[in-house]
Protein chains: 2
Amino acid sequence: MRNNQFAIKPTEFADQLKELTDIKFLDAGNQTTTEPIKLWKSFLQKSFLTAQTNATFQQKAAALMATEKMDLAQYLNERQVVSLQAFYNVALQLLDFQPDLDFELADPLTALKKIQLKIVDHQNEDLSTDELKSAWYWLLATHNKDGQTFIDQLAANGYFVSFYHDSNVKKPLLFNGKTLPVFDPHQLIREVVYVESPQDTDHDGKLDLLKAEILRPKESGKDFTVPVLYTASPYNQGTNDETGDKLMHDVNVPLTHKEPDEKTYQDIAYHEPVDKNLPKPRQVKKTTTKTEETFAREQSYTLNDYFLARGFAVVYAAGIGTKDSDGVRTTGDPEETISTIAIIEWLAGIRRAFTNKTDNIAITADWSNKSIAMTGRSYLGTLATAAATTGVEGLKTVISEAAISSWYDYYRDNGLVIAPGGFPGEDADVLAEETFSRRLQAGDFHKIKPTWDKKLAEITQDQDRQTGNYNQFWDARNYRKNLKNIKADLLLVHGLNDWNVKPRNVAKLWQGVGNDQVNKKIILHQGQHIYINAFRSIDFTDIANLWLTHELLGVDNGAQELLPNVIVQDNVKAETWNSYDNWVDPAAPTEKFYFSENLLSQDQLANPNTLTFSDKLPENIFQNYCKNIDKWQNDLVTEKSKTMSNHRLIFKSERLENDLLLDGMPQVNLRVTSDCNFGLLSFQLIDYGEQKRLRVSPSILKAKGLAETFDWREDDLREFQQNSRSSEYKMITKGHINLQNRTNSYSVDELIAGRFYELSVELQPTFYRLLAGHQLGLIIYATDFGMTIRGNQDVKYSLDTQQSSLIVPMHQV
Amino acid sequence: MRNNQFAIKPTEFADQLKELTDIKFLDAGNQTTTEPIKLWKSFLQKSFLTAQTNATFQQKAAALMATEKMDLAQYLNERQVVSLQAFYNVALQLLDFQPDLDFELADPLTALKKIQLKIVDHQNEDLSTDELKSAWYWLLATHNKDGQTFIDQLAANGYFVSFYHDSNVKKPLLFNGKTLPVFDPHQLIREVVYVESPQDTDHDGKLDLLKAEILRPKESGKDFTVPVLYTASPYNQGTNDETGDKLMHDVNVPLTHKEPDEKTYQDIAYHEPVDKNLPKPRQVKKTTTKTEETFAREQSYTLNDYFLARGFAVVYAAGIGTKDSDGVRTTGDPEETISTIAIIEWLAGIRRAFTNKTDNIAITADWSNKSIAMTGRSYLGTLATAAATTGVEGLKTVISEAAISSWYDYYRDNGLVIAPGGFPGEDADVLAEETFSRRLQAGDFHKIKPTWDKKLAEITQDQDRQTGNYNQFWDARNYRKNLKNIKADLLLVHGLNDWNVKPRNVAKLWQGVGNDQVNKKIILHQGQHIYINAFRSIDFTDIANLWLTHELLGVDNGAQELLPNVIVQDNVKAETWNSYDNWVDPAAPTEKFYFSENLLSQDQLANPNTLTFSDKLPENIFQNYCKNIDKWQNDLVTEKSKTMSNHRLIFKSERLENDLLLDGMPQVNLRVTSDCNFGLLSFQLIDYGEQKRLRVSPSILKAKGLAETFDWREDDLREFQQNSRSSEYKMITKGHINLQNRTNSYSVDELIAGRFYELSVELQPTFYRLLAGHQLGLIIYATDFGMTIRGNQDVKYSLDTQQSSLIVPMHQV
């Protein structure tokens, strides 16, 4: 176990004293005492929240050890001084670490250093009262064994309940640069408004009204404005799982020859329509500050729940085409983006909303401080990224997790239909239907059905599964065209093993936004498509708190300087997170590998040499792989697999003498031919070597183990655990290409059967520590059972190994 | 999807009117109206909780369809009458069923019947106001698509919030025989007391004090006493996973010969010590009603959370040897039982508790109505069963789930060490250490360590892994010796696929308690060791509510007559629960099968025939099976498996012509020999036949999808789903025996190598529908990789098939 805290703010002693006073640890009763033991006892009394009398305090104190021989009750009664050892023995126990198991009572400092917990600056073995105050301050800022700061642990036990209605408490209340839970979560105001967006996507002659669900502190209003976390989630009003499933496309279809063309980008570029011929805005009848609709339970993100107790408002909106809103689903196009930012514009005071859909009674967000952040993962994070690329007023930052930055990179790749991992057959139309929650209300659906059927057919047509090419449909859904508009600071999070939203999405966003443009930070974890806010080993929630306290409350807490630009979870050591200056740096050094019979080598072959494999499998094996993709993947990578031996090429390096730190997008350069006039190739970069590896799905360490504050919502405490058994390999990254898209993804190249062509493919970006003794492997194959179409066609591919190579970027140390 | 509601109480119309008035659906504004449409509209207005104005009500109504063509808003505005069709179309939508997907607007009644939802008695197609009131009443009692009654759905949306502080509301408030959530869950009183138990298990010269955590409604007190749900959970103060793991026993050890003896039960019977030489009770200094200690978050059972909003107090206690309590862990012995019921005795007013551990200030539970139920699963349910066998005053009923009734049946079987499934190497000592949470507090542990080390060594010694025999240690832990003392009514729940706490535990309890002794009910589900209170397909929570409202509040709601004696989830059809009169009836008819070469046959072989198998596996296969028990199990059952072919015998029936309904404990009679002077045999009864079967672990349908009431704790909505792929077999039940325990489990029989012996083994009880076309299989083998010790010894077993048979009890239809 290691503790990785990035969001502890260095704080001057004078400020520590002020903050300790603000949170009532220092008060008239103890701040001037000259006796360390009395001061310590007063701190302990305030933090033993369950003990309501001296007798029960003594009982709790007697249950902790202060030294190897003496319990805390005895120590407090018999000693005058507070030794460093006693302080930290007790501190560790308060943080739920256990003597013998996690540390030795004889020597707590060794454990503190190992676990990476902060030790106060001190002169002697016994602490002065000033040192004790400071030590207590740092203890409050320190993570416990479950990855929660001690002050948040106290909050969960009710420390701040008396602050809720105490008019002497200045709100928001900060500690160590972060906001505290001093707002009663059971007094939240829950409101619904309907924001009028500047478009009419369902063509009913009226501007779309979009439902927004608001939760905000009871204290908020025009005299106490609050920052806003806005999560745009097309899922949160319900989904159509059954009708969505029915639309899933058959992926067992053949690849076909595409007619070559000479298309330029201009031919397929999407341009905003100039004249939208919009209906007139609604005529406002009157304006109010009182809503007419409420709700009981929103579909919430637990990170937002945490901030609800800390004085932030949270707004959820599902957007066009969802239950209770107007419009139709479009899966990522500019109309969706416009509907997403309409909510922000209302929160920023530059757009109208109404109390219901009929009476034209306008309502303002007079409680909003006009500083808005967006949060969420996957489609939710995608819409945050989309909103950022508009430069909309009021959006100060986005915390965008596992987000798409171009929908072509989600459903396509280099002229191929490429499924998000685990969802073969899904496409933009399926997702549109899945999220079209207007279907869930029969009365509403009844009216919109013909419009929706037409729109859905249009998406199916325009997404073009036939060619897999980048076209106008996909260009309209490429947010990266507008990176220059971004004004919001970026806090990006992505899994290096996310094969649903593949890492290229975040890498290209990271690369495309300059350091001079906005502040940007990125956290890369070792998981797949998951949230990391309930992890024990990284203080993500504290990072978000520090970040948002700065961005939305304008507090000068040093968030931007304190947080590393890049935090990467180590893929070798569990619960270890490292800081770096950059990721996917185009200037990174590279290593070049040539191919021989089955070797990745530093030396190029002297003579041309051709290796061939066939894509076609016996029917029973093909059917089995379709049903059991894990088995296919294992056979693909395992050299001795008989079934796959003639159906892919494996090249492996010698065993490495030193660790390699891969950082960026590996590139495969090939001279290759297909014996048909069509063809596709897939690539996997593999770490070969026996090792106990981290799981890519988090395990639940404690169900409901993380309270967002006292008597409020809870999250499951999670962590990536190490597998108990070692594995022989791990896939590092992968890539795909249609042999007719050698030039780019929108124009089609000729492909003559049997002729050799040169091509170059950029694999998905990575950050990967490859251990000495392991081997780097590259697998070249065609059908990818989890991602490509699967025609099981009789196609043979041949490689001129002399003219092929692999270029791997390395992290510049 | 089918709806199985067992807890809907038949209710006279006059009572329906009274209850509708109590819950404010009928009031001065609507109860005398003669216009059905007005009455219906008023009901709808009261239930559309998010709409706070007429405009928003209209908007919500317009989102529902009343007929194929007309939405609800239009219907309410244009019609005078309420048609049965419109009422149930809207009702189904209110219950979250979806037109087109779940039902047809043209014919809602067909869907209602199929889903098993109650339709009101009616005269005509248009409902009278009385019929409408009754229809609304039944709608409120009906489950929605997620398995929650409509009235609980309304509660989750805030319907009863205004009842919390309304002095006109009589509490507790009932509807359809069940209590309603009219108590504010954020105003709960949380208290800790220390109950003085009548023993000194840690021999410190003082009677053990036991910590109890109490949650109770703010309203409770001596003028408003409330019923109590008490959950005894040795886990709830924390566990010692690491030190517990270290104690796990090596199971890869050889089986050895046991010296024959002639022990009788009297030789090993446990007798309560007559003279306990107890310390004196504490001298009470004063008595109070105010506690001195509180807590923030108990480790709760969600079923208890549900009742907390419904006016029940909930008490958690972990018992002797747990954090903050005195004593030591004993894993199931009478001392543990005495500590368990001490809490009940305090709640019933016949035992003392103190406010802290030092000051001798006594406190009474003056808020308790002295009617107590126990709840919980596994060890928790076990302690409920244990408590029931004492006949303790105040304990009116236990809802005991997946509970042990004799610890020998948990860790041993027929003279063998048999692990709970999934935990090879666990034993009574491991569990004692695991739950000894006094270790978690170093100050306390420091003092108790020598006592605990001694106690633990004693348990390790006495549990006797060497022989596996039933002895005094296990006799002390056999609650079934005291079944005659049971006075509490029993609501038992067990999984028919629970191989952790095996079904014999509940079957012997069920059989051992007479119908004239107490009221008893049992629910058998198709899962393993899990809770069923958040399932969609059965109204377990409503059943518990009906049951406890009767048992603890003394309400004459017909619970005992209404609920079937036996509810069994069908193993073939998903989400289907059937009622029966009895289970494991000793008088059930049986079918007898004889063995031939590999056949289970109706006819006995004409001549003796011997079949032999060897237990010893090649070392690499043995090691692989140790690591991969699922693979072993699959190879064991699969006839064509090469690795297992000589290591077990398989007998299969012909394909069945008709379904069989197995009910009870199958019995295997054998004439058998071992070629060593020791030996063990294991048995599995198998359903051979390709079928898509239910999973034994529930899937989460909606995370946090079930609210216990508005803005309160939530549970994940779950269900056993059908596997998407068919499987070739399913294990029905299993059993084990040491060949030296042919007579019973406490006396050792001689075993001479090579000599044939007759023996008879009762397998674990089952209730299983075996489909026509399938085959019944019996596997006879020795080492069970998941449960027995695994010596991989060179032992050969031979069976005289002519003299062997299988007897299968069938459900009497």
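In case you wondered, yes, glycine gets a Cβ from its N, Cα and C as well.
Because the structure is a prediction, the values reported are computed rather than measured.
Features as listed in TrEMBL:
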type: ACT_SITE; residues: B:Ser378; note: active site, charge relay system
type: ACT_SITE; residues: B:Asp498; note: active site, charge relay system
type: ACT_SITE; residues: B:His529; note: active site, charge relay system
type: DOMAIN; residues: B:1-159; note: domain 'X-Prolyl dipeptidyl aminopeptidase PepX N-terminal'
type: DOMAIN; residues: B:545-807; note: domain 'Xaa-Pro dipeptidyl-peptidase C-terminal'
Request  = Calculate the distance in Å between the alpha carbons (Cα) of B:His529 (active site, charge relay system) and B:Ser378 (active site, charge relay system), and round it to a whole number.
outcome  = 8
Ask   = For B:Asp498 (active site, charge relay system) and B:Ser378 (active site, charge relay system), what Cα-Cα distance in Å is obtained after rounding to a whole number?
value = 10
Request  = Restricting to the same chain and to sequence separations of six or more, state which residues have a Cβ under 8 Å from that of B:Ser378 (active site, charge relay system).
outcome  = B:Glu401, B:Ala402, B:Ala403, B:Ile404, B:Asn500, B:Val501, B:His529
Inquiry  = Cβ neighbours within 10 Å, counted over all protein chains: which one of the active-site residues B:Asp498, B:His529 has the most?
reply    = B:Asp498
Three-state secondary structure, which DSSP defines for B:His529 (active site, charge relay system) = coil
Overall pLDDT of the domain 'Xaa-Pro dipeptidyl-peptidase C-terminal' (B:545-807), taken as the mean = 96
